[in-house]
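Asks: One structure, as structure tokens, below. Some questions next.
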Amino acid sequence: MKKQLTFYLVRHGRTVWNEQGLLQGQGDSPLIAEGIEGAMKTGEHLANVPFVAAYSSVLKRAMDTTQYIIGERNIPFFQHKGLNEHFFGSWEGVLVDSIRQSEEFQQMTKDPANYQAKSNGGETFTELAERAMQAVYDIINVHNKGNILLVSHGHTLRLLLALFDGSTWQNHRENPRVIRLDNTSISIVHYEQAENENVGRFVLETVNSTAHL
């Protein structure tokens, strides 16, 4: 059967650690009032979109954001650990400013191909790309048509959007269309797959829209 899906990708709401300048990764901190407000505004903005399902990572900040977006709507809501944020190992909970000038942090943000996560015991970009894309294809395998809400995290979503747009994990930070994503921003991606195709095509419509906030 032909597949025709539209993904609404949302970064989670602003959190305590975002506010404090701490690297979050798979560590977790609660949404602050601004993050809750952003999620609720996102829900109002998307109120007329008929979602067939909602997916988030298993991290509480993403699950809470999803719940605020869904509100009282009867939308099936699932969690997938493949949508979790990039794992930063020993850097999690650390002030970003204290590690910003380190060689590996610079590689992580500017030279993904050479980032090996040796100093922090974290996750490489190839590992992140593999599990995040697998999560997306797991979702695609379940649904044939309709709108999907997908709530995840900054690094994970930025990498996914660049991959959807034809970049590789090695050069994804050079993609001019895919920039750093704001909290509770919306990015819209269409996916189409013909009956005789094993893999379909992703088309980016919108990246990092914040007009609703």
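Just so it is clear, glycine is given a Cβ too, placed from its N, Cα and C backbone atoms.
Annotated substrate binding site per TrEMBL: Arg11, His12, Gly13, Arg14, Thr15, Val16, Trp17, Asn18, Arg61, in sequence order. Residues annotated as active site, tele-phosphohistidine intermediate in TrEMBL: His12. Under the heading active site, proton donor/acceptor, TrEMBL lists Glu85.
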Asks: Relative to the mean position of the Cβ atoms of Arg11, His12, Gly13, Arg14, Thr15, Val16, Trp17, Asn18, Arg61, the recorded substrate site, which additional same-chain residues have Cβ within 8 Å?
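Replies: So the additional residues around the site are Gln24, Ser29, Leu31, Ile32, Gly35, Asn183.
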Asks: Would you mind checking how many other C-beta atoms are within 10 angstroms of the C-beta on Gly13 (substrate binding site)?
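Replies: Gly13 (substrate binding site) is surrounded by 28 other Cβ atoms within 10 Å.
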Asks: To the nearest Å, how far is the Cα of Thr15 (substrate binding site) from the Cα of the residue listed as 'active site, proton donor/acceptor'?
Replies: 14
Asks: Quick check for the class: what is the C-alpha distance, in angstrom and rounded, between Arg61 (substrate binding site) and the residue listed as 'active site, tele-phosphohistidine intermediate'?
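Replies: Given the Cα positions, Arg61 (substrate binding site) is 6 Å from the residue listed as 'active site, tele-phosphohistidine intermediate'.
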